[in-house]
């Protein structure tokens, strides 16, 4: 949502790093009392000299724990001996079992030097992580560790950012400190924290390094004066809790990461449909009109969304009684449900400090953040003066469940189908120190004035209820607590990370707030606020409907968020640069951070889109997993039906997306079961091809579909890279033999997007599209067989009831094609009336021996299509010769 109010606040420059090289001045540590077991190593680490106390007090006694957790995963943890220093709570990110591995069998090996202490992680004879270049620093408010890297490394990850997918390696700093970041600027910290990087070394494999630490940090990637490459961690606290994992390919490494942070949550079938939203729908009549207009334009609309416009003076858990009265809003939701469509609204964390149910209940239960003197902590957001829920409070889940149960009650409230949570970094418009939130709200017109009330809809909407037609009248630290050391400066730490907003507390919750429950400081847990709201919100949605998969889309995330929620990429703007960077962002979240329900605001959120940009973005957005058009109140309306070319582009885009929806659903389900990514950079499938390592403008949609969008305005061609393999044009069926070079694809109309099927694939598609996913599930299937260079192909299909958390029966099919024969086998538990009605074999120069009504040959597409009537009830085999 637009953050224009931030412009009213005084600007605070980004913090500047210290000028001296601390690692050379500090003594480091020496390892003693070293004990090695079958799958572990422990040691005491003692400060090796005079403390340097550069950005805090050097801790004299540390512990080292090394665990060979699996054959592909190594855990290395350096922490304080008294275990007072804050560690990420297991309630936020549960730890994986570390007892199954063996040092002898592990692909990763841990080596160390005792004095001064340093360590290396090796894979075979190759060094993956080497801290010998500088001394370990472990201070009360500053941790530093540096590792050497190979020359010109292929590094990825360290989100959230809008920089290149393959990270820069000279004078580059990634700052992790979640913030409200309008326009998602480059080279800054954004909404989420994902402290994991992947190092891809071509044919030697890929490894990942995850630092389980939620404190603010700078991660620097640079070269020394003599040209040696390094990566350096600079954190404001916490411990060094590393997970190293390795794989033969990038995909394998991503799978290993999922085992650490949790497998993604499965989503309902309908969530992959098209979604529409806008900040600025003035009333329920306008929302209804948008729904009606999509239907009239014959553009499928699965889910209608409403931003904070529906609220009474922007207060959560309220309705504007004049513009979104309960009775009319319930009528709209009923209309949507009767037409197999859905409805979603936004909920922010900040609760208005005023007489309303959310605030009154929260005060009664004491679940809001408090200052250290026990008074209510207040900020200023859209409704004006606000209080913030304390997600660590022992009663917070009950409070959140109760608010959802009352406001979103199916019989008496707003019966939403999914949830959108925003502003949960947490955002605070009032700059630090926010000593007068009341005055700030008054001076900045918070809440903003609502639009004039319309007594009825100004135009008729045939099919909608009468109400939508025109009216005739018009805790403190103790030893072993792991909650944080005492006597720290929680507002202005000695080391300042490069937070774009300036001081740590600026435009967010004060970092000296102490949470209820265990007594964690906001200083340590700031980056967890959004992900904890996500977990509580998912639980509250599930409490409403225990049997169905809850869709929750969040702005702020932390490592492991995908196990609970999806993510939209925040407040982008309507520019080609944001269109392009959305690809890299999507790939990082889906493949590297294990948050596969992902997408950006199609056509752009801020500013005014153009017809060409929106038409191109409609085609690209159809290949996000989360596909939503959304923009802000000061921009021109940009629903797809507003321009003829955009409407045509959207119809084409959704037609292909919906026909592919079961292919999407199948691959998405696989990721939730194994961690195998669905959306992938090119180098995930061609890990030995160096030309793919920095390609961030093409991507694979599953293993079978290569998408090569036009990425600049006024262009009708794209230079697309095709690895050494065979591909088939989605539209024409023409075979394209890739040679590891660029191919110019021309004459690409603004309503089109280049799509190619990778050889060796079998893709199940629906025989035709539909206006809703409910109707889509009634359509039959076709199989497209795209033989690989060896003449074989394979694919899969997963079906279930599309909604339930616990599935009573599933259909899991495997397709194989070899020597002219198609075989179908698998698990046939889920019953469906639809059949496989046709099989199309690409890459054929002559018709099949079959003739008549059974088979047909298309010489233009070089494809043979055979009509079938295969029930999905048991194994089958077809001769395609």
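Cβ coordinates are placed from backbone N, Cα and C, and glycine is handled just like the others.
Sequence annotations record features per position, and here Swiss-Prot assigns signal peptide to 1-14.
Residue 171 (N-linked glycosylation site) falls within neither a helix nor a strand when secondary structure is assigned with DSSP, and so counts as coil. Annotated N-linked glycosylation site per Swiss-Prot: 171 (among others), in sequence order, evidence recorded as sequence analysis.
Among the features that Swiss-Prot reports, N-linked glycosylation site is placed at 293 (among others), with the record citing sequence analysis. In the three-state DSSP reading, residue 293 (N-linked glycosylation site) counts as helix.
The N-linked glycosylation site feature in Swiss-Prot is assigned to 373 (among others); the stated evidence is sequence analysis. Here residue 373 (N-linked glycosylation site) comes close to no residue that lies at least six apart in sequence on the same chain with a C-beta under 8 angstroms from its C-beta.
What Swiss-Prot records for 422 is active site, nucleophile. Cβ neighbours within 10 Å of residue 422 (active site, nucleophile), excluding its own Cβ and spanning all shown chains: 26.
Annotated active site per Swiss-Prot: 425, in sequence order. A coil conformation is recorded for residue 425 (active site) in the three-state DSSP classification, outside any helix or strand. Its Cβ taken as reference, residue 425 (active site) is surrounded by 29 other Cβ atoms within 10 Å in the chains shown.
Summarising the annotation, Swiss-Prot assigns region 'Disordered' to 440-485.
The annotation compositional bias 'Pro residues' is assigned in Swiss-Prot to 448-463.
Among the features that Swiss-Prot reports, N-linked glycosylation site is placed at 506 (among others).
Residue 571 (active site, proton donor) falls within neither a helix nor a strand when secondary structure is assigned with DSSP, and so counts as coil. If you look up Swiss-Prot, you'll see 571 marked as active site, proton donor.
Among the features that Swiss-Prot reports, N-linked glycosylation site is placed at 572 (among others), with the record citing sequence analysis. Sequence-distant neighbours of residue 572 (N-linked glycosylation site) (same chain, six or more apart, CB under 8 Å from its CB) are 183, 184, 578, 582, 600, 601, 604, 605, 606, listed in sequence order.
Residues or ranges marked as N-linked glycosylation site in Swiss-Prot: 608 (among others). The Cβ of residue 608 (N-linked glycosylation site) lies under 8 Å from the Cβ of 574, 635, 636, each of which sits 6+ residues away along the same chain.
Under the heading N-linked glycosylation site, Swiss-Prot lists 742 (among others). In three-state terms derived from DSSP, residue 742 (N-linked glycosylation site) belongs to an extended strand segment.
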Between residue 171 (N-linked glycosylation site) and residue 506 (N-linked glycosylation site), how far is it from one CA atom to the other, in Å? 26
Using DSSP, how many residues in the compositional bias 'Pro residues' (448-463) fall into helix, strand and coil? 0 helix, 0 strand, 16 coil
Of 171, 293, 506, 742, the glycosylation sites given in the record, which has the fewest other CB atoms within 10 A of its CB? 171
Between residue 506 (N-linked glycosylation site) and residue 571 (active site, proton donor), how far is it from one CA atom to the other, in Å? 19
Report, in whole Å, the straight Cα-to-Cα distance of residue 293 (N-linked glycosylation site) from residue 422 (active site, nucleophile). 27
Between residue 425 (active site) and residue 742 (N-linked glycosylation site), the C-alpha gap once rounded to whole angstrom: 41
Distance, residue 571 (active site, proton donor) to residue 293 (N-linked glycosylation site) (CA atoms, angstrom): 25
Let me know how many other Cβ atoms fall within 10 Å of the Cβ of residue 571 (active site, proton donor). 27
